[in-house]
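Engineer: Here TrEMBL flags 77-93, 113-132, 168-187, 194-212, 224-241, 253-271, 300-316, 337-356, 362-386 as transmembrane segment.
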């Protein structure tokens with residue numbers, strides 16, 4: 001649960017740079033009294049790598065990701081980190097330029113994510129069509145787009161139709177649209193705002209509230225549930241860090257977090273190891289199942305918070321590991337989160353095609369996994385270079 005602000009790009013400059021790149025959180029330079037916390041970019045970059053590996057079906061190297069070792073996965077990392085960075089960055093805009101600029105930046109960021117979602121939707125459909133894969137059309141959920149493009153595009157435009165693995169983008173569109181009033185509430189009434197968010201989350205758990213989707217029934221990442229993790233991140237950045245930091249990293253809390261992580265590890269491994277599954281008492285199974293990802297099941301929420309506590313306790317802001325070459329690549333991906341996410345979705349589809357049509361050997365899985373991660377790092381580095389170069393010249397139009 002770090003407190004810094006990982007903005008994309010350097011820390012000098014003016015407010016016009018806020019729209020210079022596509023990221024899940026706003027890129028705001030020169031925010032007052034805020035230092036860049038590389039832990040946020042690192043966590044987000046590693047989450048992007050995990051997303052890429054997890055989206056390749058039957059990929060043995062997905063065992064390197066969070067998904068197999070507990071209740072939560074990379075999605076929780078994205079949501080919480082976005083709440084932290086949005087609060088810090090948009091609050092920097094508010095302090096320098098006022099609320100009108102905050103609203104303008106949230107609208108622009110929503111538009112950029114919305115455009116990225118539509119482009120990604122078309123890209124996935126084009127890949128499936130180009131390779132003529134009937135099986136993939138169903139797996140990627142683009143058959144309806146290929147067979148009934150008019151209706152599918154209309155529903156995609158209003159964010160109720162989404163191909164597989166694009167679900168998180170419409171959720172972020174809504175979060176950014178609403179973030180200005182959320183930030184106002186957190187700044188003026190921080191604890192009350194957090195409690196309102198928690199109440200909405202609790203009602204979702206009780207009554208299963210969700211938004212409609214086409215052609216199925218509900219959103220995979222229910223905004224009414226996942227908003228709590230975003231608001232929690234924003235609250236932590238604005239108020240919670242100052243209030244709770246000594247308690248959060250205290251010995252008893254860290255020990256409890258480690259114990260819950262170990263519990264989650266045992267349960268997650270029981271999904272793959274039958275003797276271990278047989279050893280899980282029935283009352284525990286009745287207590288924790290089903291673990292609902294679309295509605296951010298409480299077991300997933302607690303598992304992520306436990307991981308965040310442990311990371312905050314044992315990974316300092318000035319950790320020497322940030323200088324490791326491999327982690328620098330993850331940090332770079334985290335800085336360019338939206339572009340890298342879209343690239344990861346496309347690359348995972350291409351990797352799936354290769355493993356299906358050419359070879360599914362362990363060696364082939366290693367090659368596509370390693371090449372994909374390397375490509376993400378290269379892509380993020382190129383996007384950073386393009387962003388810096390584009391700011392050196394006036395806009396042509």
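Using N, Cα and C of the backbone, Cβ positions are placed for all residues, glycine too.
Describe the structural surroundings of these features, if you would.
Structural biologist: Using a Cβ-Cβ cut-off under 8 Å and counting only residues 6 or more beyond its ends in the same chain, the transmembrane segment (168-187) has close neighbours at 24, 75, 78, 82, 86-87, 90-91, 94, 99, 102-103, 106-107, 109-110, 113-114, 116-117, 120, 159, 162, 193-194, 196, 219, 221, 223, 226-227, 230-231, 234-235, 238-239, 341.
Residues 160, 185-186, 218-219, 222-225, 227-228, 231-232, 235, 294-298 of the same chain sit 6 or more residues outside the transmembrane segment (194-212) yet have a Cβ under 8 Å from a Cβ within it.
Through the fold, the transmembrane segment (224-241) approaches residues 1, 3, 76, 79-88, 91, 171, 175, 179, 182-183, 186-187, 190-191, 193-194, 197-198, 200-201, 204-205, 209-211, 294-296, 301, 304 of its own chain, all at least 6 residues removed from its boundaries and within a Cβ separation under 8 Å.
Residues of the same chain lying 6 or more positions beyond the ends of the transmembrane segment (300-316) and with a Cβ under 8 Å from any Cβ of it are 1-2, 39, 43, 66, 70-72, 76-77, 80, 228-229, 248-249, 253-254, 256-258, 260-261, 264, 291, 293.
Counting same-chain residues at least six beyond the ends of the transmembrane segment (337-356), those with a Cβ under 8 angstroms from any Cβ of the stretch are 8, 21-25, 44-45, 48-49, 51-52, 55-59, 78, 112-113, 116, 119-120, 123-124, 127-128, 131, 133, 135-136, 139-140, 165-166, 168-169, 364-365, 368-369, 372, 375-376, 379-380, 383.
Long-range Cβ contacts of the transmembrane segment (362-386) within its own chain (Cβ-Cβ under 8 Å, at least 6 residues beyond either end) map to 8-9, 21, 48-49, 52-53, 56, 59-61, 329-330, 332-333, 335-336, 339-340, 343-344, 347-348, 351, 354-355.
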Engineer: State the residues, same chain only, that lie 6 or more residues beyond the ends of the transmembrane segment (113-132) and have a CB under 8 A from a CB inside it; answer 'none' if no residue qualifies.
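Structural biologist: Answer is 22, 24, 140, 142, 145-146, 156-157, 159, 162-163, 166, 169-170, 172-173, 176, 338-339, 342, 345-346, 349-350, 353, 357.
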